[in-house]
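Inspection log for the structure reproduced underneath, given as structure tokens.
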Amino acid sequence: MSVAMNKSALFVCLGNICRSTMAESMMNHMLKDQGVADEWTVDSAATSTYEIGNEPDDRGIDVLKKKSIEPTRHHARQITKQDYEKFHYIFGFDEDNLRELKRKKPASSTSLVRLLGDLDPKGERIIHDPYYLDKQAFEKVFAQNQRCLEIFLKEVLGE
């Protein structure tokens, strides 16, 4: 595995329009704040084909903008076998995501597949899909993502 691959993260949820795109935008913002954005590859994807080609949910975009985070330009896509070779860290958001990610993972892949919520200092392992819920659910996703990403970056940046 190359050193560059160690600096790569893929966020994967069911449709790739809510949780994963928010995490991607937040991670890019945090890496930029740390001055290391150009050293990292960050993306997001879906386990399903439900939303392929669609843009992120407006409610998630609104939450990001309210927090002064520029949403990543993105169209939903499904995870591919190549993603398991390209990305060192692959994060799911709930047990269904995790199960599907592990099922699709090629035997030769060295990617680390886990729940983003495993990093939550509050112990909230599952980051629930806010799609059918209200804007407050997107605020909660933001807060959970933020806590987890802060811990992740401390681990990988050695702070």
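Heads up, the Cβ atoms here are built off N, Cα and C, so glycines get one too.
Computed from a predicted structure; not experimentally measured.
As annotated by TrEMBL, domain 'Phosphotyrosine protein phosphatase I' applies to 7-155. Annotation comment: TrEMBL describes Cys13 as active site, nucleophile. For Arg19, the entry in TrEMBL reads active site. The active site, proton donor annotation in TrEMBL covers Asp129.
When Cβ atoms from all protein chains are considered, those within 10 Å of the residue listed as 'active site' total 32, not counting its own. Straight-line distance linking the Cα atoms of Cys13 (active site, nucleophile) and the residue listed as 'active site', rounded to a whole number, equals 6 Å.
Per-residue confidence over the domain 'Phosphotyrosine protein phosphatase I' (7-155) averages 98 (mean pLDDT, predicted model). Cα separation, the residue listed as 'active site' to Asp129 (active site, proton donor), rounded: 7 Å. Residue environment of the residue listed as 'active site, proton donor' contains 18 other Cβ atoms, counted within 10 Å of its Cβ in all protein chains. Note: the domain 'Phosphotyrosine protein phosphatase I' (7-155) comprises 69 helix, 21 strand, 59 coil (DSSP; helix = H, G, I, strand = E, B). Within 10 Å of the C-beta of the residue listed as 'active site, nucleophile' we count 30 further C-beta atoms, all protein chains included.
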